[in-house]
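Inspection log for the structure reproduced underneath, given as structure tokens.
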Amino acid sequence: WLSYGGRFDHCITGDYVSVFQTRLLPNIVLSLLQLARKDFEGFKKIFHSFLQAKGPSVDWAKIYRPPEDLIQPYDKIKARGLPENVAESLNKLVVVKLNGGLGTSMGCKGPKSLISVRNENTFLDLTVQQIEHLNKTYNVDVPLVLMNSFNTEEDTKKILQKYAHHRLKIHTFNQSKYPRINKESLLPVAKDMSTLGENAEAWYPPGHGDIYASFRNSGLLDQLITEGKEYIFVSNIDNLGATVDLHILNHLMSQPDGKRCEFVMEVTDKTRADVKGGTLIEYDGKLRLLEIAQVPKAHVDEFKSVSKFKIFNTNNLWISLPAVRRLQEQNSVDMEIIVNPKTLDGGLNVIQLETAVGAAIKSFDNALGINVPRSRFLPVKTTSDLLLVMSNLYSLEAGSLTMSKKREFPTTPHVKLGSSFTKVHDFLTRFESIPDMLELDHLTVSGDVTFGKQVSLKGTVIIIANHGDRIDIPAGAMLENKIVSGNLRILDH
């Protein structure tokens, strides 16, 4: 490798392969060898594409807003109503949840899907309840498939035992495992295939765009098609708004065979909070996902504009299983590469090459965007989001959260909690109970702040404890359009 001075474009299919095989592949349990080879084939493909890439992946002059018939309003689809044979359509559906992420950004160990979000229910509990409710209500068999990563597989499989007697089948498969690359030399930093010890940071799951290859490599894709399944509904497991929508499913199933829509992306209207979200464009006559990472620097402000790009991708996707198999067989799933720079604990700068599941939309026939209500996008990425979904703004029924009818406006409040609330454990200790937020518009909390029981927040509330100060909001307090600052201690006596 070193004889090439790190210039891998000369040796990607020669020396690179042989060194990988002699250094990393030996000593793997034989049953895992085939999977490791498939992972490496995938890595070789993405690495080769990375080396070939020159300049931006889009020509800004060729970007157009999609024609209206390619972005259908949800209300139009819902207005068609539902047929009597909803069960027949549901029996052709599989729910896939992207379950590769850890809860580290919220201060939790293990899979993010195992964080409690409402009444002691985890993301995974709520997902199981939703699908079980569907299966019982319509007397159908909608299975749940979890795409795990090597980071989440073990913990997830342990917890799945608790759902053994629930009315749904649960399948799992693993994302690929790719080696991180030294930013300078472009050599893998892994010493062997292990993900333990000093090698723990050497490997990564390559983004959810890997679903197409790893789903097929697992054998599950073929198995589900054999069982008569036709579509997968894919979403992030931390998006609590991503429930099975019967109207979208009916729209897919009611198309004539020759014009079957192979890919639906749910989009929703942008707000200022979503300016970095990927958007749908028309490019070379096809629908295409445009991410901020692909935008030339001179056009970033234009991309963030709510007036030009009005919608963004929720990552709720409906995809044809036979189409996935066809594209995988033809090796023609086309996705842009996301180059994600990271710094390891020891200070080494590395890159990891990723793809996004929605980027493949341009490879599918008759692809469509559906502009759905904001309620179908309810991600929990931070404890600020967690406060919203734990509050009385939402009611919980059969695993699904819906906005309370008591709230007069359909929008959710803007909540920004400071760094003292970042970790779930710290967040929970600062609230004796979750405040009443039915009439809240905006909440900002910064510094050492705690909330007593039965606090009510209305309008715009800003609470700032400066360094060294502490503010205890007393039990039963009602704050409406208030700014609270300084010191407020409430002590037991």
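Yeah, the Cβs are placed from backbone N, Cα and C, and that goes for glycine too.
TrEMBL annotations:
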BINDING   Lys112, Gln175, Gly207, Asp238, Lys381  UTP binding site
BINDING   His208  substrate binding site
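Between the farthest pair of Cα atoms in the UTP binding residues (Lys112, Gln175, Gly207, Asp238, Lys381), the distance is 21 Å. Sequence-distant neighbours of His208 (substrate binding site): residues of the same chain at least 6 apart with a C-beta under 8 Å from its C-beta are Leu98, Gly100, Met147, Gln175, Asn236, Asn315, Thr355, Ala356, Val357. The Cβ of Gly207 (UTP binding site) lies under 8 Å from the Cβ of Ile338, Glu354, Thr355, Ala356, Val357, each on the same chain and at least six residues away in sequence. Ranked by how many other Cβ atoms sit within 10 Å of their Cβ, the binding-site residues Lys112, Lys381 place Lys381 at the bottom. When each of the binding-site residues Gln175, Asp238 is scored by how many other Cβ atoms sit within 10 Å of its Cβ, Asp238 comes out lowest.
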